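First up is the structure itself, then whatever we jot down about it.
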Amino acid sequence: MPFITYLSGLLTAQMLSDDQLISGVEIHCEEKGRCPSTCHLCRRPGKEQLSPAPVLLEINRVVPLYTLIPDNDTKEAFRGALMSSYWCSGKGDVIEDWCRCDLNAFDENGLPNCSPLPQPVLRLSPSVEPSSTVVSLEWLDVQPAIGTKVSDYILQHKKVDEYTDTDLYTGESLSFADDLLSGLGTSCVAAGRSHGEVPETSLYSVIFKCLEPDGLYKFTLYAVDTRGRHSELSTVTLRTACPLVDDSKAEEIADKIYNLYNGYTSGKEQQTAYNTLMEVSVSMLFRVQHHYNSHYEKFGDFIWRSEDELGPRKAHLILRRLEKVSSHCSTLLRSAYIQSRTDTMPYLFCRSEEVRPAGMVWYNILKDTKVTCEEKMVSMLRNTYGESKGRLSSTVSPF
């Protein structure tokens with residue numbers, strides 16, 4: 001039977017029936033051209049006339065499919081099958097707000113796995129611009145309305161350098177519930193929590209306040225459910241902003257070094273120059289070199305004068321420190337002018353109101369934890385760079 005004939009018959013049957021029309025379904029038939037000649041299923045036997053192409057039904061009200069079934073037993077079976085397929089991967093039954101897994105729905109560790117544990121997505125907080133020492137990360141709660149229950153999130157962070165094997169060294173691990181919300185962790189890391197526009201969706205946040213400037217960091221997050229299962233990992237790798245510099249101070253030091261190098265340099269003056277250049281930070285040393293060459297390069301550049309006045313060994317120890325500056329920051333530190341500024345931004349610091357029993361972590365649901373949040377101001381130190389004092393640009397963070 002052609003599709004259009006089936007629809008017409010169904011519409012006629014509804015009109016002739018004394019029963020109420022099927023809930024949520026409105027049938028409207030209309031000819032819209034003809035089926036292509038290549039479609040052999042559209043040909044009506046015994047007639048050369050091709051059946052018209054079917055038109056998509058217009059839906060005037062969205063209802064669950066199982067409500068369209070008149071038989072109660074069939075309706076309940078269909079409902080259970082749909083709920084199981086959506087929430088329990090078709091391998092268990094929905095009981096209130098959790099999944100009762102079938103006997104064949106257990107993993108190699110003997111844990112039920114019919115209800116999937118979604119992977120959280122870790123990201124930089126868009127409301128907090130990273131600085132040289134402060135970075136804020138956030139993620140949406142992955143606990144579904146029905147099924148698995150999230151007990152905790154584990155956040156690992158480490159600084160990556162040429163001396164670290166990134167696969168063997170996992171870094172420091174922090175439990176969001178036991179270390180951060182409880183306040184038992186380090187003061188350099190704090191937990192925040194806010195709710196999104198959808199009431200069921202929670203947004204968790206963590207702020208790191210003591211990172212090293214111009215450092216490459218790797219952050220890894222995974223969820224743990226109440227049965228001890230771990231989700232897939234989510235990773236963010238970033239480089240913190242360039243170190244803060246006092247450009248006026250760097251220029252003063254450059255003038256001091258020039259005066260020490262100028263003319264006859266005694267042993268005491270050599271030691272003073274060496275101590276001064278070794279005591280300043282690497283970023284300040286970079287700016288001292290920049291200002292020295294800007295003002296006094298005609299008398300010999302900074303490297304040549306340091307080797308001549310201090311000797312190759314001491315000059316090498318000083319200049320080797322400059323290798324620690326990344327290529328990104330070395331470009332910014334060559335700017336004509338650098339100005340420091342302090343920004344303040346609000347951040348919601350959160351603490352749990354209850355103490356979770358030791359050894360019972362897996363049996364607690366994180367979403368049920370009572371949390372008290374307090375808004376505080378966080379100071380963010382930044383550099384601005386420019387080619388002239390009147391045109392300074394904001395700090396560029398290399399991610």
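The backbone N, Cα and C atoms fix where each Cβ goes, and this holds for glycine too.
Residues annotated as domain 'Astrotactin-1/2 Fn3' in TrEMBL: 118-240.
According to TrEMBL, the domain 'Annexin-like' annotation covers 242-334. Residue counts for the domain 'Annexin-like' (242-334) under DSSP (helix as H, G, I; strand as E, B; rest coil) come to 74 helix, 0 strand, 19 coil.
What TrEMBL lists as domain 'Astrotactin-2 C-terminal beta-hairpin' is 338-384. Across all of the domain 'Astrotactin-2 C-terminal beta-hairpin' (338-384), the predicted model scores a mean pLDDT of 77.
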